[in-house]
Every structure is written in C-alpha cells, then in structure tokens.
Amino acid sequence: MSDLAIRNLFIIPTIVFLIVFNIFPLLYSLGYSFTDFRASTNAPANFVGLDNYRTLLSDPFIWRNFTITAKYVIVSVTGQVIVGFGVAMLLNREIPFKGLLTTLLLLPMMLSMAVVGLFWKMLYDPNFGVINYALGLGKFEWLADPDMALYAIAIADIWMWSPFVMLLSLAGLSAVPKHLYEAAAIDRASGLYTFFRITLPLVAPILMIAIIFRTMEAFKTFDLAYILASQPTTEVISIRLYKMAFQEWQTGMSCALAYIVLIMVLAITNIYIKYLNKVKER
Amino acid sequence: MTQIALHNINKHFGAFHVINNVSLTVEDTEFVVFLGQSGCGKTTTLRAIAGLETIDSGEILIGGKPVQDTRVEERDVAFVFQNFALYPHLTVFENMAFPLRAVRTPKAQVETTVRRVADVLQIGGLLNRRPSALSGGDLQRVAIGRALVRNPKAMLMDEPIGSLDAKLREEMRVELKRLHVEQGSTTIYVTHDQIEAMALADRIVVMHAGVLQQVGAPEDVYANPVNLFVAQFVGSPVMNVADVTLAEDAGGARVTVAGATQGFAFPSALLGQVAATGPANRPLTLGVRPEAVRLTLQPAPGAVATEAHIIEPLGSHDIVDFRIGDATLRARTKAGFVPGPGVPVWVTLDHSRAHLFDTATGQTLGIRL
C-alpha cells in the first residue's frame, strides 16, 4: 500500500465517525431548533423561526435552571480549586511514597460518574450513611433537603474532581524553579508573600486551564445530579434539557435550549481563554 | 560593620565531605574570593553562609552573632545567583523592588531607592521590561541591583558573571570592583576563574576538596603558593612543575629534571634550606612560572640546552614549549623572540622565583633564594 493509502486508512474512519456522530447531529439539531418537531409523533416538523428561542429566553423557569447551574458551577469549581491546589501544595515536597500517594489520590477521578453518584447516595443516606454517623448529624436528609441537596451534589463533585485540579497544579508547582524560592528567602519574603507574589502567578496559567476544563464540565453536569437528587432546587440545566427532550418530547424546543447552553459554555470559555492569554503574556 | 567568621564548619553530602573543617574570618568591607574547581565546596560554603544550606557542625558568625541555626531571612545577607534567579513574571522594577516590598517598605521609598540603584547600574531605561527581554549583562545588573537596594549586611555572589561571554565578563568585572569600592559592603565572591579572583579580591581563598588550601592577598598567593595544587591552579599559563633531583656541584647546587642529562645551577644556599626541612634526597618537585624561565638563543653559562617545541603567539608575548628530560616546560618570551619550532634555545631559571615542593605531600619547602 502506498503511504497515501495507509494515511487514508487511518484517517478516514475517524473522519467518518466524527461526521456521522458529531457534525451531522450538530447541524441537524440546529435545523430542528427552528421547528416545532416532536420525536414522539409522526407529525412533520413546521418551521417556526426563532419562536423556540424566544419562548425559552423569556421563560422564568429556564432562568431558574440557569441560576441553579451557575450556583453549582461556582461552588463546585471553587471547592475543587481550593482542595486540589491545597493538596498539590502539600504534595509538592520531598515525602516518602509520594508517587503512590499521588496515584491513590487520583482514584476518584478515574471512577465512573454513575458509580460515584451511587457511592455518595449511600454515604449521604439518612439511615445508614456514614457521613451523618461521622459528623453526628443524626438523621439529616442531605439529598431531600431542598437547601442542602445542591451543595451535597457539589461536594460529591468536589471529591471526584479535585484530583484533576491537583494533578495540573502539581505539574505547575513543580515547574516553578527552586532558585526562585531561594531568591525570595534571601529577599526576606514571608511564606505568604512568596506564595502570592511568586508561586501563584507562576502556576496561574496551568491553574487557569484546570478551571476552564472544570467549569465546562460542571456547567454540563448531568449524571451526578440526576442520580443523587431530584429536587426542583437541583434541576441544573442539563437535567431540564433531558426532561424537555426525552420526557416531554419537545424535540425542537430542546434543540434550541441545547444551542443556548452551547453558546453560553463557549462564551464562558472564551472569557477564560482571554484571561489565560493575559496571564501567559507575563 | 559586618564581619563574617566561620569556625570549623563541616558538611557532608552523604559520604562526601564537601566542607572539611573550614575556618575563616572575612573582615568588614573586605572583598574575599573563594577560588577552586567545580565541586570543591566553594559554592556550598557560600550557600551555608547565606543559610541556603545547613551545616553539620561548626559556627557561622555574621556581625559577631552566631547564625548557623537561623533561617535565611534572619541573616540579612544578599545573594547573587549564578543563573540570576530573577522573577520571570515581574518587571525589572518589580524585581528590584521585591526585597523592599517583602519587608513592607513605604511606597515612596521603594520608588526612590530602586531608581537610585538603577541609575548606579545604568539600567534606569529598562525598568519596565521583563527579564526575558534583557541581555545577559543587563540580567546580571538587575540581579546585582536587587541585592544592592536593601543595603544588606553582606553581599554573597556565586559566580555572578560566569554565564556571560568573555568580553562582557571583563566589563562586568571592572564594574563589580567599582561598585564594591563605592558601596563598601563585605563581599564574598565565588569563582573558578583565577583571573577574576586575582582582579577582584582583597584576599583569595583557594579551596580544594572541601579544604582551605591557602588564604592571602592575590599577589601573595600567586608568588608564594603553599602547595602544588595552589601553584598549578593560580596563574595562567599554569606554573611549570617537574620532578627533580638535588645534588651538590662545584660549590653550588644542581637541580636536575628527571630524565635530563644537564641540571640547572642554583646557589649553594639551596642545599642548606632544603636540608633544614628534611632529607635532601627525598623526591622533590620544582615549580617555576613561565615568566621566571629565561630563554636565550646563544649558549650561556649554567644554561640547559634544548630546542623550542611549540610556540603560542599571544600578541603581547609568546608562550614557548620545550622539553627538558621527561618534562615539558613553558617559558614566556617577548613576542617573536624564538623564530620558530625546532630552534635551539638555552634555558635558565630565575632562582628567586623558583619553588620546591615535597612530591609526597605536595607542600612547599618554603625556599627563599
């Protein structure tokens, strides 16, 4: 076979796969988002223009879903950065079994979302859950309490994804040259001053990348929230989307909502990337 | 007033004795240079003074206060790193302001101090640049500037110009000397370049294998090396050394290079001085610097005949290689004095600048003729 043939042999299946399963649905659903199509009926799709978008953007319930999602993203990502970066700081020194310890700490991230959801459902259980037992909270209903449920989901997410932030932070921290810390000590900088003036600015770009990834993921969270709780207060935007598409069968409307979500994620990511480039310039 | 004193300091890296019982006093405003090969312990000693390395035993006093158990921050010394260790994300101004801001100096004072020091170092125009946009010489000036802004008790410099090219190194050497004269801070400077050491130091400290070999003024270390290591490390080109035998000859002394048929005539006083230090027939090594070797193109009384082997023309002078017995020696001559390789030459030595070492111990016999 010629080089060209081998190249095509490797590339074409990927391209075909990408077109069939990603590009085609993406464009097709864009088309649907301008119709009143319902996948549950045989009725033909009618073009309705921007009606779906207009309805969605003026629906106070959708905005409530977005608010819940925003709250979830902020709590979850902030928690992951604090825990992940903190653990990375602790690990960034000479300690015995560092490699093993790091690998063990990465375990939560390697589990399936559904499994993590089921684990935490048991951990939170008001009757036999180990969390209430450990904290001495009696029969506190973590997942049934409308105020607490969203935070409970965020905690599970923090547990699962802090290792990701930790891993990237660790890479960033170990890339800070040791002689800069020596120079800072010579310059009589305190530990806190060194952290804010040397460590943090130098790790910022890679930390930023971790934050971008985690924000995008948290914005799209579905599995954890779906498995753990079914409160109105935990209905993040993906759950609303899922219900709209596959329980209410408003296919056209849900395509429009999916596009709104997509545009929002892109917008947030863009803001981050702009900031990342600014940080990197230094 | 800052005197730095080391009392019997020791340090091991595993089984390696990197600082071996070093004692030394650096006087206030003195410029002392630690000179030695890489791995001799000079940088480790400097870092120990700064507090960047711990020591196993001994005492380090800065301004009379023992500091060996205190942290870097408390020692109040400035350190210029070989790789400069500038903060890459901060501008030149912020780099130089860092030591002041770290101890919460008022803003106005930071501003004036940094600008004053930047003017002294002629980097006033670079204050808004980042280190990545600077040349090697400017990076070095910023690193020194960061050390100067805080009026430290002492300046410690670890091969600060080692990574610059030869021409720039020469310029910066002069600048460092000028700065030291102006600022007058106690300075310890580490280098492996003996020319740098000679040019800068009030006193040179020669180190080898963790042990202080010799401490003294540059001209003293150059003229009177205490052992073969110092003799061969200090000076360029290196001192000639050759195994020799000593004999009495016609009312004088004769020093014969191993394998040679003819010896150099020396005054008879040599025999008495050697005898005073031990048996005269023990293995001895002659050390003589190229400029103390005289070549003539005609036979001279007491001169050893040989022929020129390699000639290195260095512009201001030539270095001529020749063989006597088993040894290859070098002489410094006027430029073009020996017309070419293979030309017969006659060699005499300047007795007053010849050294004899005990071959077994490497120590000088302290001969003065």
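Note that Cβ sites are derived from N, Cα and C of the backbone, with glycine treated the same way.
According to TrEMBL, the feature domain 'ABC transmembrane type-1' maps to A:66-272. As annotated by TrEMBL, transmembrane segment applies to A:9-28, A:72-92, A:99-120, A:148-173, A:194-213, A:251-273.
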* Which residues, given as numbers and ranges, are at least 6 beyond the ends of the transmembrane segment (A:194-213) yet have a Cβ under 8 Å from it? -> 77, 81, 84-85, 164-165, 168-169, 171-173, 175-176, 180-181, 184-185, 269, 272-273, 275-276, 279-280, 282
* Out of A:9-28, A:72-92, A:99-120, A:251-273, which stretch has the largest tally of CB pairs under 8 angstroms to the transmembrane segment (A:148-173)? -> A:72-92
* Asked: Against which stretches of its own chain does the transmembrane segment (A:99-120) lie, if we need a Cβ under 8 Å and a gap of at least six residues from its ends?
  -> 87, 91, 152, 155-156, 159-164, 166-167, 170, 223-224, 226-228
